[in-house]
Structures are given as structure tokens and as C-alpha cells.
């Protein structure tokens, strides 16, 4: 039984970017959040913790490469996600005004769709966006928590066997000795643990924005498809509409063309905002998944569980990007097919031209444009194939 906020019975307006809003508000980076002095200080503190954590993890991993490759990979695997989350944090801050504008405009456009069928589209895709981003949040939370649990269980087992407690942090990081000794060690441990959660909420927020916008654009395209088909519907194809009726259809058709143009413009704006995040994610995804699978092969006991959960979290991340892109492309194709299958040929030449123009525009599928990649399920299969090649190469070397 799912919690109510993950079901279609939950109010739709509260589904709108619910999980990204919750995640980014925790660290003071949600675009619609009031930027008070306390929020600014809190967001800077979280930025500093994440930045220093990335440096300390990378330093530790590079230092241990010639000493112990398994220990080095134990640090370098999570640092890739941490650096990626830092990129996402900076991008969200840099584009906060544009993101706020997009959030407000898409909210306004979706609120205009009020028919029973359109409300069904909204309920379906709003709920899907919340469910998938919450799944990502759960995977990320479990991954970050598993690192701390692993360290605590390892040390508890050491104590039961009469050995000393190892003063290390949940994530392998290089710190001055003073910070790894009592009385400062508990504070260092808590801050490193919080660093893991900052990493999680950053990628949940950014990935949730991407998936949410893609699914909300899909809703707008489906609603546009219904309006076009309803407008062009003709009861008797042999009977020509009156001049007044044709004039009304032309006016309504112009509004629909403008709506289609605006969705295309919003997609372009989203591409500009998400280009750095999406490119970095697609470039590093194979490396991150491959490294985590290699860690599964190298570790035993609790280490395997940690990296199985980690692999699931990274896999869900890249799946959300590809799923969102596929939904937009499919909605565009359906719009073109449905418009061409309507009764456009029963109207005046001007209406026919406008209809065929919309068909031509819809056939140029809307995508989130990033260099070298196009988010889609086909791209996901290519990434997984390349990941398999990296794993095979790593196994042969190690």
C-alpha cells in the first residue's frame, strides 16, 4: 500500500515538483525559496561541505591508487557522484531565475487544462513524476546511509573481537589527524555523513527537475493533441462549415499553433538550463556504473550490499533522464499522427495549411538538446552496452 502522496488521490497541485522542492529546500537551493540571510548562509555552508568533501574524497582515492586499488576505488566511486552533484548544485544556483520562470510558466499552462480527459493526463503524469523521483530519493538515501552503517558495523565487529576502533569517516576522505581524533572526531563524522545526504538531495533535485519538466511538457502536448482533434472534428464531411464557423476555427487554430510554439520554446529554454547537468551525467554515467560494479566484484560482505544499492541508485538516475526524453518524443509523434488523422481536409484551404504546418512542426520531435546525446531509452541501451565493455576491460586489468 503506497503512501497517499504517491497516489493519484493526492491533490495535483501538491504533486507539482513535490520531491525536488522537498530535497532542494533542505539545503537552501530551491528556486522559489525565499532567499533570506539565513537561507543564503545555510546554502553556502552546504556548498562548502560538498566542495571540501569532493576534494577530500578525490585526494584519498588518488593517494591510494598505487597502494591498494580496492581502497582507492572505494573512495573514487562515490566521489564521481559527489562531483556530479556539485555541478548540479552550481547549475541550479546559476540558473535559479530561469528555473523559477520555467516553473511558474509551466504551472500556469498546466492549470489551464481543466477538462475531464486533460485532468486524467495531469493525474497520470504528475503522479508518475512524484513516484519516480521519490524512488530516486529512497535509493540515494539508502546508498548514503549504507556507507555509515557499513562503517559502524565494521567497527562494532572489531570491538567485539577486542580490536581498536578505526577512526575513519563513512566515505573515504583525507583529513588532518586532528579531525580524526577525539573530541573532534564525532563532529567530523556527522559532517561527512551530511555530505552524503547533500550529494543525494542535489541529484534528486536536478534529476527531478529534468523528469518533471519532461512529463509536464508531455501533458501539454497531449492536451494540445486533444484540442486540435476536437477543433477539426466534422460531423458531416460532405457539408462545408459556414464562413463564421471557419473564421472561429481559424482563430482557435492560431491559438493552438501559438501553444505548440510555446511548448517548443519552453523545451529550448530547458535545454539551455540543463545542458551542463545532462551532458555531465551522460558522460560519466557509464564510468560510475562500471566502477560500482567492479567494486561489487572486489568487495565482500557489507561492501557488496553498499555497491549494489549504489548501482541501483545510479541506474535509476540515468533511467529517469532517458524516460523523460522518450516521453516528449513520443508525445510529439502522437501529436503529428493524430493531427494528420483528424478531419483537416474538411475545412478551408487556410485551415488545411495551418494544420499541415502543425504536423510538420510536430514531426520535428522536441528533444532536450545536449552535445553528442539525446535522452531516450535507446541512449540508455547504448550506455549499458558501453558500461559492460568497461567492466570487462577492468576485470581483465585487475
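The backbone N, Cα and C atoms fix where each Cβ goes, glycine too.
Taken verbatim from Swiss-Prot:
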type: TOPO_DOM; residues: 1-14; note: topological domain 'Cytoplasmic'
type: TRANSMEM; residues: 15-31; note: transmembrane segment
type: TOPO_DOM; residues: 32-46; note: topological domain 'Extracellular'
type: TRANSMEM; residues: 47-67; note: transmembrane segment
type: TOPO_DOM; residues: 68-74; note: topological domain 'Cytoplasmic'
type: TRANSMEM; residues: 75-95; note: transmembrane segment
type: TOPO_DOM; residues: 96-124; note: topological domain 'Extracellular'
type: TRANSMEM; residues: 125-145; note: transmembrane segment
type: TOPO_DOM; residues: 146-199; note: topological domain 'Cytoplasmic'
type: TRANSMEM; residues: 200-220; note: transmembrane segment
type: TOPO_DOM; residues: 221-269; note: topological domain 'Extracellular'
type: TRANSMEM; residues: 270-290; note: transmembrane segment
type: TOPO_DOM; residues: 291-295; note: topological domain 'Cytoplasmic'
type: TRANSMEM; residues: 296-316; note: transmembrane segment
type: TOPO_DOM; residues: 317-398; note: topological domain 'Extracellular'
Margin query: If we skip the immediate neighbours and take only residues 6+ beyond the ends of the transmembrane segment (125-145), which ones have a Cβ under 8 Å from one of its Cβ atoms?
Written below: 2, 5-8, 10, 12, 15-20, 23, 193, 196-197, 199-201, 203-204, 207-208, 211-212, 215-216, 218-219, 306, 309-310, 312-313, 316-317, 320, 323, 327
Note to self: With CB pairs under 8 Å as the measure, which of the listed stretches 47-67, 75-95, 270-290 comes out on top against the transmembrane segment (15-31)?
What the structure shows: 75-95
Next item on the list: Determine which residues of the chain contact the topological domain 'Extracellular' (32-46) at the Cβ level, with the cut-off under 8 Å and only residues 6 or more beyond its ends counted.
Entry: 21, 24-25, 89, 93, 100, 103-104, 198
Next item on the list: For the topological domain 'Cytoplasmic' (146-199), provide the mean pLDDT of the predicted model.
Entry: 86
Checklist line | Tertiary contacts of the topological domain 'Cytoplasmic' (1-14) (same chain, 6+ residues out, Cβ under 8 Å) | finding: 111, 119, 122-124, 126-127, 130-131, 134
Margin query: I'd like the per-state residue tally for the topological domain 'Cytoplasmic' (68-74) from DSSP, helix first, then strand, then coil.
Written below: 6 helix, 0 strand, 1 coil
Next item on the list: Could you give the residue numbers and ranges of same-chain residues that sit at least 6 residues beyond the topological domain 'Extracellular' (96-124) on either side and whose C-beta is under 8 angstroms from one of its C-beta atoms?
Entry: 8, 12-13, 16-17, 29, 31-32, 209, 213, 216-217, 219-220, 222-223, 226, 259, 262, 266, 269-270, 272-273
